[in-house]
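Taken straight from TrEMBL:
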TRANSMEM  38-56  transmembrane segment
TRANSMEM  77-98  transmembrane segment
TRANSMEM  104-122  transmembrane segment
TRANSMEM  129-150  transmembrane segment
TRANSMEM  165-187  transmembrane segment
TRANSMEM  308-330  transmembrane segment
TRANSMEM  336-355  transmembrane segment
TRANSMEM  367-385  transmembrane segment
TRANSMEM  405-425  transmembrane segment
Amino acid sequence: MLVPVMGGSTEDKIRVIQTSLFVSGINTLLQALFGTRLPTVVSGSFAYVIPIIYIIGDSSLQRIPDPHERFIQTMRAIQGATIVASSLQIILGYSQIWGLFSRFFSPLGMAPVICLVGLGLFERGFPLLGNCVEIGIPMLLLTVGLSQYMKHIRPLRNVPIFERFPVLICITIIWVYSHVLTAGGAYRHRPVKTQNSCRTDRANLISSAPWFKFPYPLQWGAPTFDAGHTVAMMAGVLVSLIESTGAYKAASRLAIATPPPAYVLSRGIGWQGIGTLLDGLFGTGTGSTVSVENVGLLGLTRVGSRRVVEISAGFMLFFSTLGKFGALFASIPFPIFAALYCVLFGLVASVGLSFLQFTNMNSMRNLLITGLSLFLGISVPQFFNDFLTSSGHGPVHTHAGWFNAFLNSIFSSPPTVGLLVAVVLDNTLDVEKSKKDRGMPWWVKFRTFRGDNRNEEFYTLPFNLNRFFPPT
């Protein structure tokens, strides 16, 4: 989406996709080994789109006449802003400040946040599936059918194929089906939007991709730095931090682990900051966050092993250097993924709702906090996004572009709005009288690393590194 707006060609798009996949593999490996140690995948984040669009629209960059030169200079500007902004996440993580702030979280406050991590991405679900219903609807029905209705059928003895591999099986079947439709001319006289969504031979991706390309730091040249760009990018960093916090809580629940203690949460955020720094150095065009769809995949496949995630990170590194393979996967029609998102994002949202079992939902106080944070968490970002679509700029529109990008990014994120509303209300309304209603007796023992014996099993660092970095 962003590369053509920056002035990039199809070759540039392929290179950015390869770089993004390569850095995602590195960041996933680092997070699984040294971060939270939860089975989560780290990938590019939509939280950075508004700051990036602000940078792309900078007048000094728009004046460059040559499209390719404009793409290179814009990428360098994004790199510089990402490198400096990543320091915010690194500081909040390794200084334990985010862990201290997490003391204000409770099951009641986290439920709407985690729920909005899933529900907040509804625009990437059926609205995009509807662009090609002849592919999207069969994909949605087949995914639910294989993973739920046929999960007990085992063609191979003791191997639950349909329960473990519904995504791979469904994508393969529907991808072949969509290729047959494309080859048969089903979309020949259809609107351009439908062709872009449905065809498997669009954008010359495979023919333009090199067989082998190894991404490396500063491959686009030396980053350029601008204070306004950096401040705007810091909004994306804060939003991805909050979204990742909700995703970590959801992943721990789906992986049957204890909620990550404050120390582990801070450690994970610190390593995510390192990942965003790598994004800036390599030039992926965006920052990093925890992949919500892969959190949902933990629940769909019931595979919660970090070893599986580490191996998948190796696959990401391998395929990212082989351009033809990366382009082949990039040619999969997006409605196939949109159908998956309907299931996976819904699973993450339901995990958020499951935290309400530890609270007293007969309390009018709790009902107000849950309902208001969920409603505002959906409606406020919707207002900001609709305003941006209709006017070409967000509701915050002053002469300071960095200020506009910062606030528009914050209030365009459902989990961020939900966190602000839920945590403020939860910590100011009848706090002392409502400890039991908020679920604190169950929650408080997971705040510290030593609070539960199982924490050591889930979150201890490998290679006996806890001797040198003891939990605090």
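Glycine residues also receive a Cβ, built from the backbone N, Cα and C atoms like all the rest.
Automatic, uncurated: that is what TrEMBL annotation is.
With Cβ pairs under 8 Å as the measure, the transmembrane segment (129-150) is packed most heavily against 336-355, out of 38-56, 77-98, 336-355, 367-385. Counting C-beta pairs under 8 angstroms (sequence separation of 6 or more), the transmembrane segment (367-385) reaches the transmembrane segment (104-122) with 3 or more such pairs. Long-range contacts of the transmembrane segment (405-425) within its own chain (CB-CB distance under 8 A, at least 6 residues past either end) are made by residues 47, 50-51, 53-54, 104-105, 108-117, 119-120, 231-232, 234-236, 238-239, 242-243, 246, 368-370, 372-374, 376-378, 380-381, 384-385, 388, 394-396. For the transmembrane segment (38-56), the list of distant contacts is 2, 5-6, 20, 24, 27-28, 31-32, 74, 77-78, 81-82, 229, 232-233, 235-236, 239-240, 243, 247-248, 251-252, 255, 257, 260, 268, 272, 275, 279, 284-291, 294-295, 298, 303-306, 308-309, 312-313, 388, 394, 401-402, 404-406, 408-409, 412-413, 458: same-chain residues at least six beyond its ends, Cβ to Cβ under 8 Å.
Below 8 A, the CB atoms of the transmembrane segment (336-355) and the transmembrane segment (104-122) form 3+ pairs separated by six or more positions in the chain.
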